[in-house]
Amino acid sequence: MASLNTVTYPSDPADPRVRTLGELAVDYALSHGLVMKPAADGAQLSNAAGLAVHAPLALFPSPFPRAGFERALTIQPHLNRLFDRIAADDEFLETYLSSLIKADEFTRRLYDLYRVDRETPRNQRQTAVMGFHRSDYLLHAPDGQLSTAQTIQQVEFNTVSVSFASLGQVTTDFHRAIVLMVVQPNERNIYDQRFVEYELQTKHNINLVRLTVAEVTQKVKLDSANHAMVNGQEVAVIYYRWGYSPDDYNCEEDWTARGLLERSWAIKCPNIAYQLAGTKKVQEVLSRPGALERFIDEPAVCQQLRDCFTGLYPMDSSPAGRQAVAQALESPENFVMKPQREGGGNNIYGTDIPGVLRHMNESEQEAHILMDLIRPPKVHNLLIRNGELHHGPVISELGIFGAWLSDEDGTVHINETRGHLLRTKVESSNEGGIAAGFGVIDSPLLI
């Protein structure tokens with residue numbers, strides 16, 4: 001186990017030794033599939049077949065406290081179970097999303113699809129649910145210094161915008177059925193997704209078909225038993241790498257296609273209920289006293305989860321919501337304002353908050369939550385992007401993957417922690433998305 005005093009790396013990008021390591025790192029990335037499509041506009045990207053660039057990465061592993069890392073791994077199965085129970089609780093979702101769907105059109109459209117599914121007789125819809133989640137954490141260090149005693153604080157729980165973990169053991173024999181991956185057009189992160197396709201084919205003899213939502217409209221049909229069919233083959237699982245942003249729905253036909261997929265007998269990963277459970281509003285509600293106990297009857301587990309929560313506040317018309325807005329205007333440097341979105345690049349930070357709030361009416365404010373700003377410790381590392389080395393203070397965000405497969409009758413087939421992702425970014429950047437251009441792929445040096 002490394003100690004804080006021994007974690008030192010070369011810091012000069014011009015150092016010949018560092019440049020050599022950088023070249024070796026790029027070669028390793030390109031030869032081991034750590035690649036993405038090159039950044040370009042839509043026309044260029046569609047003609048970029050066969051082109052790849054290395055994914056942004058850290059030259060050295062970034063220090064991370066072992067205790068916090070292991071805590072995040074330990075609680076992931078409890079989070080998997082928690083969000084499955086939230087997704088199955090109609091009353092909870094209706095109660096806490098009712099005001100949100102009036103303020104946020106995107107969430108309302110998702111909720112409308114959810115109601116259609118719930119009103120469908122149980123024997124006419126798929127009751128099995130599958131989830132690949134990622135719970136993201138930052139260390140909280142107000143003084144900016146790394147310490148082994150620092151605790152993790154949850155940034156968010158992702159149910160849709162999630163890099164792939166692992167299917168693990170497939171409990172259903174799909175035979176000739178296929179997996180449908182619904183993807184964004186001109187996806188730069190295609191190679192990460194291809195690994196899923198190749199793993200399914202080589203290890204399980206399952207074919208995967210990639211379709212954009214426009215192609216879903218053209219190629220996916222429901223038979224008389226609501227089986228989704230593509231070119232005469234039944235779709236067993238629909239895996240969404242699309243659909244978490246309003247920008248993914250460009251016309252009414254796109255919403256119709258999502259509704260068709262949700263009505264199908266295929267297992268959705270995730271289904272609409274899971275996507276609603278992953279909203280920031282639910283994250284805020286779970287931080288309230290007694291909220292976790294609605295779903296988990298083990299006090300010790302509730303405390304483990306609550307210990308990872310940071311301060312979360314509504315921005316609705318309630319007294320607590322109005323107080324949160326006032327606090328955000330008075331001391332914005334202490335907060336992050338979050339809309340009901342996944343995928344990165346959506347949050348409003350610090351001194352940008354007052355200007356945004358003053359241009360919103362109360363209903364628009366209600367579509368957001370307020371979160372205490374987590375202040376992670378800074379360490380030094382070298383980051384490689386587009387073959388160039390950059391040195392400076394960086395901060396890291398830990399994501400833990402979880403896999404879940406269950407049925408509506410309560411039978412749980414899979415509940416596992418399935419690995420981790422460490423994303424590192426320069427200290428001055430608020431966002432950390434890799435594909436979005438903010439962060440790099442890293443690995444933890446446990447201390």
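Here the Cβ of each residue, glycine as well, is placed from N, Cα and C on the backbone.
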Same-site residue for Mg(2+) (record: TrEMBL; known: Glu156, Asn158; options: Glu330, Glu333, Glu342, Glu362): Glu342
Integer Å distance between the CA atoms belonging to Gln193 (substrate binding site) and Pro339 (ATP binding site): 27
Distance [Cα-Cα, Å, rounded] between Tyr349 (ATP binding site) and Arg134 (substrate binding site): 22
Count of other CB atoms lying within 10 Å of the CB belonging to Asn158 (Mg(2+) binding site): 21
Distance check against Glu342 (ATP binding site) for the binding-site residues Arg134, Asn158, Gln193, Arg423, keeping those with Cα within 10 Å: Asn158
Candidates Glu156, Asn158, Leu373, Lys425 (binding-site residues) - the one closest to Arg134 (substrate binding site) by CA: Asn158
